[in-house]
Amino acid sequence: MMLMAVVFAAPAEQNFRCNTLPGWMANEDQCTVRKVDSVIDTHDHNISTTDNSSMTERSDMVICTAWSFDHSVYKGTTLVDEWDLVCGRRWIASLSQSLYMFGLIFSTTIFSHVADWYGRKRACVISLVCSLLMGVLLACSPSMAVYNILRFFSAVSSSGYYDAATILLVESVSANQRYVVTLTAGLGWTVGMILLPVVSYLVPNWRVQQLVIAAPFVLLLGLTFFIDESPRWLLETGRLTQAHRTLIKVLRSRQKNRFSVTDDITVDDINNFIDDIKTRNAMIPHKSKGTIVKLFGEQFWRSTVVFCYSKMVVYVLWYHLTVSSVTVGLNPFLSFALTSLCELPNRVLDTIVVRTTPRRIAAASAFTITAGAMSVYYIFSNGFWFARFASLVICRLCMDVHGSVQRVHLAELYPSGLRSLIAGFVYTCANLAGLLSPFIDYLGQATYQWVPSVMIVLLCLIGSLAALSVKETFDRDLHEESS
């Protein structure tokens, strides 16, 4: 919810009108006013002029400096009406989202290294504590400048609790159970997107909204006391005592759970496994830490490039479509909620695709279908909101499937020492591309209306072809790809 909170905290579609003095009339854009009768002394009123003097009928238009805002849709206080983010100040609201996307770049870089060097669980805890603190401070912002600065640091602290947690889950389950990670991780994101318009509608004041959005971090912090570090990471980094303790704990938990699948693993098997690692000198206490350079080595450079490109396209398209969803239909809260709600059934589709479809085919198909749906979305740009809505839902569905498949594909293809790093690097590239997504519509205005649609379709088709060039890892154990 934190990522898209600005959609309702600073709505671009909130109507407003300029407050004019007697004898003055607002122009159609409500950003400037013009005089309609006698001379008026602007020193005595809230009107700016080029020479700070009186205006006559021959004077140019002057800038409006006070507005009234329509609260028929956005009923409470928004960032827009509290700090007059309209006309020449509208860019400040856009800057807030750009700063958040920019902060995510630092976040993925920082926490991918923290997770690989110091552990998945520790990265989660640090990220949650910082996110909770930033969320509370955001609600107390005394100015838009402070709000934007805090929003940047809020983004910096956000990556660990999602990326590191996903890697921890993937490393803690067997190959045939990875679909559970896809289901649960994606479900949490979708529920958050559905709840955002609900919270914004029920709690119309943006400051209270921010506190409500930050509240779940307290619950998540509490849950960290009940999770263990990734056994694979502990083994990979030579922490064999901790790994042994964690594996014994998992085994005893499975033995107590009457619903778990029975197997022949015993405590002696785990002891022998750890002893075997020691005997074969397989622990890695002096092994160099994973770096970005290794991602572009001979073994991984192709997959790294493809994954980065694919995620960049997905981010640009997903963000653009998500923001655009408030303009499709009659009510922004309802449109946003419905498009997000349509992703819930997609959790089942994600599960089916991850369990049954080769990774390359799934990714390529998602891009191809998206290209077709985007063509329909732009063809009906001047009407037929239902067709546009359906196209938007299909695109988001395909992008969601692609994201689920790629998360698992990354974990299967890269060794434990690089998994969090590659995930962070891919998301860093994606966030860089995400900075450009607000300008897609402006591209059409600056050139031709068809340019954005052709560009998006071509990017998707290229992504489809690129996905077929990556090594297939479907239904293989993680350790098979790390050797």
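Cβ atoms are placed via backbone N, Cα and C, with glycine included.
Those TrEMBL annotations? Automatic predictions, nothing curated.
Positions annotated as domain 'Major facilitator superfamily (MFS) profile' by TrEMBL: 30-475. Mean pLDDT, taken over the domain 'Major facilitator superfamily (MFS) profile' (30-475), works out to 79 on the 0 to 100 scale.
Here TrEMBL flags 99-118 (among others) as transmembrane segment.
Sequence-remote contacts of a segment are chain residues at least 6 beyond its ends whose Cβ falls under 8 Å from one of its Cβ atoms, and for the transmembrane segment (125-150) they are 2, 79, 83, 85, 92, 95-96, 99, 111, 114, 156-161, 164, 207-208, 210-211, 213-214, 217-218, 220-221, 224. The feature transmembrane segment is assigned by TrEMBL to 125-150 (among others).
Among the features that TrEMBL reports, transmembrane segment is placed at 179-203 (among others).
What TrEMBL lists as transmembrane segment is 210-227 (among others). The list of residues near the transmembrane segment (210-227) in space but at least 6 beyond its ends in sequence, with Cβ under 8 angstroms from a Cβ of it, reads 1-2, 5, 9, 121, 124-125, 128-129, 131-132, 134-136, 138-139, 161, 168, 196, 199, 203.
According to TrEMBL, the feature transmembrane segment maps to 317-341 (among others).
Sequence-distant contacts of the transmembrane segment (361-380), counting only residues of its own chain at least 6 positions beyond either end whose CB sits under 8 Å from a CB of the stretch, comprise 310, 313, 317, 353-354, 387-388, 390-392, 394-395, 398-399, 401-402, 405-406, 409, 450, 452-453, 456-457, 460-461, 463-465, 467-468, 470. Residues or ranges marked as transmembrane segment in TrEMBL: 361-380 (among others).
Annotated transmembrane segment per TrEMBL: 417-436 (among others), in sequence order. Counting same-chain residues at least six beyond the ends of the transmembrane segment (417-436), those with a Cβ under 8 angstroms from any Cβ of the stretch are 98, 101-102, 104-105, 108-109, 111-113, 115-116, 120, 123, 159, 163-164, 166-167, 170-171, 236-237, 284, 287, 289-292, 294-295, 300, 304, 307-308, 311-316, 319, 406-407, 410-411.
What TrEMBL lists as transmembrane segment is 448-468 (among others).
Most Cβ pairs under 8 Å with the transmembrane segment (317-341) belong to 179-203, among the candidate stretches 99-118, 179-203, 448-468.
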